[in-house]
Structures are given as C-alpha cells and as structure tokens.
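Below is one structure, written out as structure tokens; the observations come after it.
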Amino acid sequence: MLFKQAILVATTLTDLAVATPVVDVRRRTDPASSCSTGTLNCCNSSGTVEDKTIAGLLGILNIVVSDITALVGITCTPITVVGAGGTSCTSQTLCCDNNNFSGLITLGCIPININL
C-alpha cells in the first residue's frame, strides 16, 4: 500500500522541478491556539521525519531536512479566513512555517486547537 502511494506521488509530481533545499526547522513554541508566525493549514495527516511514509516522501522530493523536531504536515491546504461560511477542516489543523512544497509536504508545523 505504501509503495503504491509513493509511486502515485512520484508520477503525479514528474513535472515539478524541485531543487534540493536544506531546511532547518526547530521546535516551534507558539501557543496552541494561535498562528502568528506561519500559515494556518488543514492537513490530511502529520508526523515526524522519523515516520517511514514521511521520510519516503521527503526522499522522493529530494528535500533534505536538518535538525527538524517540529511536525511535518501531509497534503495541506491553507485556511484563509477563520470562521467564514463554508470553511471547515475535518482533518488536522496545523500552524506551519512557510516551508510548503506544493501542498504535499509542509514543514515546521504545530497543532492548533481551533474549531472551524
């Protein structure tokens, strides 16, 4: 199953030219109810770089991370207006640094306790 997902991601992103960025993201300390230093995102899942799925995606995209302890968001979409009609996040709401790789991977995230 994981292999199929990796192949799907690889074939979907064939036209995406990604340089090899080195990202230095340390543990964020924002309060769990605010997002003043990043963007508010609705992500399908999140985890650490030690997670095999996330490590595989980082490898496919040639994203090199150094000293990352914050969460990594997977398949995230920005939430632009909090409380607007129709805005909802049924997955995980995360506040992430502006290290977004086409919405597939977003680095430097912390969970946010917010009702949308």
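Glycine too: its Cβ is placed from the backbone N, Cα and C atoms.
Taken from Swiss-Prot, the feature signal peptide covers 1-19, and the record attributes it to sequence analysis. Positions annotated as disulfide bond by Swiss-Prot: Cys35-Cys95, Cys42-Cys89, Cys43-Cys76, Cys96-Cys109. The annotation N-linked glycosylation site is assigned in Swiss-Prot to Asn44, Asn100 on the grounds of sequence analysis.
Here is what falls inside 10 Å of the CA of Asn44 (N-linked glycosylation site) among the recorded positions Cys35, Cys76, Cys89, Asn100: Cys76, Cys89. A gap of 11 Å separates the Cα atoms of Cys42 (disulfide bond) and Cys109 (disulfide bond). Inclusion criterion for the recorded positions Cys35, Asn100, Cys109: a C-alpha placed within 10 angstroms of the C-alpha of Cys76 (disulfide bond); this criterion is met by Asn100. In the structure shown, the C-beta of Cys109 has more C-beta neighbours within 10 angstroms than that of any other entry among the disulfide-bonded residues Cys35, Cys42, Cys109. Fewest Cβ neighbours within 10 Å among the disulfide-bonded residues Cys43, Cys76: this applies to Cys43. For the glycosylation sites given as Asn44, Asn100, the lowest number of other CB atoms within 10 Å of the residue's CB is seen at Asn44. Between the disulfide-bonded residues Cys89, Cys95, Cys96, the minimum number of other C-beta atoms within 10 Å of a residue's C-beta occurs at Cys89.
Under the DSSP three-state reduction, Cys89 (disulfide bond) is assigned to coil, being neither helix nor strand.
Listed in sequence order, the recorded positions from Cys43, Cys89, Cys96, Asn100 having a Cα within 10 Å of the Cα of Cys35 (disulfide bond) are Cys96.
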